[in-house]
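Over in TrEMBL, the protein carries these features:
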BINDING   Gly243, Glu285, Pro286, Gly287, Arg288, Tyr385  pyridoxal 5'-phosphate binding site
BINDING   Arg288, Arg325, Tyr329, Glu357, Tyr385  substrate binding site
DOMAIN    39-292  domain 'Orn/DAP/Arg decarboxylase 2 N-terminal'
MOD_RES   Lys61  N6-(pyridoxal phosphate)lysine
Amino acid sequence: MDFETKNGHLMWDGCDTVALAQEFGTPLYVMSQTKIENKLNELQTNFVDKYEKVRVAYASKAFSTLAMLKIIEKQGFSLEVLSDGELYTAIKADFPPELIEMNGNNKSLAEIEMAIDYGVGRIIVDSLQEVAIIRSIAAKKNKVINILFRITPEVSVATHSFISTGQKDSKFGIPIDPAILFPQVEQAIQAPEVNFLGFHFHVGSQLFENNAHLAAVTIALDLVRLVKEKFDYIIEELNFGGGFGVTYMDSDQPQPFNYFTDPMMERLLDFCQKEHYPQPAVVIEPGRSIVAEAGITLHTIGAIKELPGIRKYASIDGGMTDNIRPGLYQAEYTGVLANKADEPAIETVTISGKACESTDILIKDIELPKIEAGDIFATFSTGAYGYSMASNYNKLAIPAVVLVKNGKADLIVRRQNFDQMLANEIIPASLK
Ligand SMILES: Cc1ncc(COP(=O)(O)O)c(C=O)c1O
């Protein structure tokens, strides 16, 4: 993992991480604005500026905060939300409604109503009941809603099964079986309350190969052709999802965005040329690949336990409550002692969390300099699905988040305090 040091300390976007830990406390999420912007600029240059009619919708589930949405808005990108909470965050960030698309495999009536009231640009239909629900709400409000269908493209991907989503047996999307999908399409074409734009897929996450994306594009284009043949209807938009992989471990070999987008666009443009089909707009929905590598988490080392001939454990002041991914799907991470970042590794240590679960192990067997209580451990690539999956298990507080850029640090999420944690709890009169 490449990183910069100064006076033996890990530096992150010009900031001394040990000083950040002192100023803001630990656990602490630290996000580099420069690294986020570099990813956005790469997408801008190699995708948005390169092709006609394409957009990037940041998948806000990866890291959804008001400040992050402002960075996305400044770039002029769109936003993908999946729940009322993510939509509410977008509303509070004054995100332009027409640039928001709403996903979700089980949107509630209230969520759909909220999305329609805010005027989101698109709702991506994920179940067989949803068109009827959208139509009835839209009719009441006298609105016409842009919709796409999320399809299950029935492709398998080379990633952990817990983050693959496009296989046939999936809770996500509508089966591509014409007997199931086409009555939905027909309804969407005919219904005056909706404007049927096209199809969406998302094949999975943390992918290093583009074959599943390409297979899914072919399947989506087959549907485009069939819809034209069967309904004489032109598809205006396709959404190719996210899923582009990032570096968690030195052995990971992520690809640039255009390794995915160029061949997908080539396949689409080829199709349009051969079939004399007007080019549909294309949207991609990256989340992890925009924020993961921009983020680190700082923890303070506490208890150290040496089991001779077995293992040495060093416990941090957080763990699965601020990063559930190792426990949830055996995700691997690496890191350094931020205050000894130039020192050579001399021992093998297992970094364990403080939650009351045996699976709360952040990193098994990492090589580190001599580890001592009070050291600051920095975990790399925690910018995606860390803060957004944080929990209050064991009544541990959700950590603060700082955004750093060129040596300047801004607090963008305050550390949760105990009163906030208990704010919604009530003792009924019978127990007083
Ligand atoms: C519909 C949809 N779009 C986009 C994403 C973002 O995926 P990633 O963070 O891997 O880019 C997800 C992730 O689960 C998703 O379900």
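Cβ atoms are placed via backbone N, Cα and C, with glycine included.
Any TrEMBL annotation is an automated prediction that lacks curation.
Distribution of TrEMBL features across the structure.
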| residue | record | DSSP (3 states) |
| --- | --- | --- |
| Lys61 | N6-(pyridoxal phosphate)lysine | helix |
| Gly243 | pyridoxal 5'-phosphate binding site | coil |
| Glu285 | pyridoxal 5'-phosphate binding site | coil |
| Arg325 | substrate binding site | helix |
| Glu357 | substrate binding site | coil |
| Tyr385 | pyridoxal 5'-phosphate binding site | coil |
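Contact annotation for binding-site residues (Pro286, Arg325, Tyr385) versus ligand 1: Pro286, each with CB under 6 Å from a ligand atom.
When other Cβ atoms within 10 Å of the Cβ of Arg325 (substrate binding site) are tallied across all protein chains shown, the result is 22. Rounded to a whole value, the Cα-Cα separation of Glu285 (pyridoxal 5'-phosphate binding site) and Lys61 (N6-(pyridoxal phosphate)lysine) is 11 Å. Taking Pro286, Gly287, Arg288, Tyr385 as the binding-site residues under consideration, the smallest Cα distance to Arg325 (substrate binding site) is found for Tyr385. Ranking the recorded positions Lys61, Tyr329, Glu357 by Cα distance from Gly243 (pyridoxal 5'-phosphate binding site) puts Lys61 first. Among the recorded positions Lys61, Tyr329, Glu357, the ones whose Cα sits within 10 Å of the Cα of Tyr385 (pyridoxal 5'-phosphate binding site) are Lys61. In sequence order, the recorded positions near Gly287 (pyridoxal 5'-phosphate binding site) (Cα within 10 Å of its Cα) are Lys61, drawn from Lys61, Tyr329, Glu357. Counting neighbouring Cβ atoms within 10 Å of each of the binding-site residues (Tyr329, Tyr385), the lowest count belongs to Tyr329. Rounded to a whole number, the distance between the Cα atoms of Arg288 (pyridoxal 5'-phosphate binding site) and Lys61 (N6-(pyridoxal phosphate)lysine) is 9 Å.
Rounded to a whole number, the C-alpha distance linking Arg288 (pyridoxal 5'-phosphate binding site) with Glu357 (substrate binding site) is 26 angstrom. For Glu357 (substrate binding site), applying a Cβ distance below 8 Å and a minimum sequence separation of six or more within one chain yields Met320, Gly327, Tyr393.
For Pro286 (pyridoxal 5'-phosphate binding site), applying a Cβ distance below 8 Å and a minimum sequence separation of six or more within one chain yields Leu43, Val56, Tyr58, Ala59, Gly242, Gly243, Phe244, Phe257. Ranking the binding-site residues Gly243, Gly287 by C-beta neighbours within 10 Å puts Gly243 at the top. For the recorded positions given as Lys61, Arg288, the lowest number of other CB atoms within 10 Å of the residue's CB is seen at Lys61.
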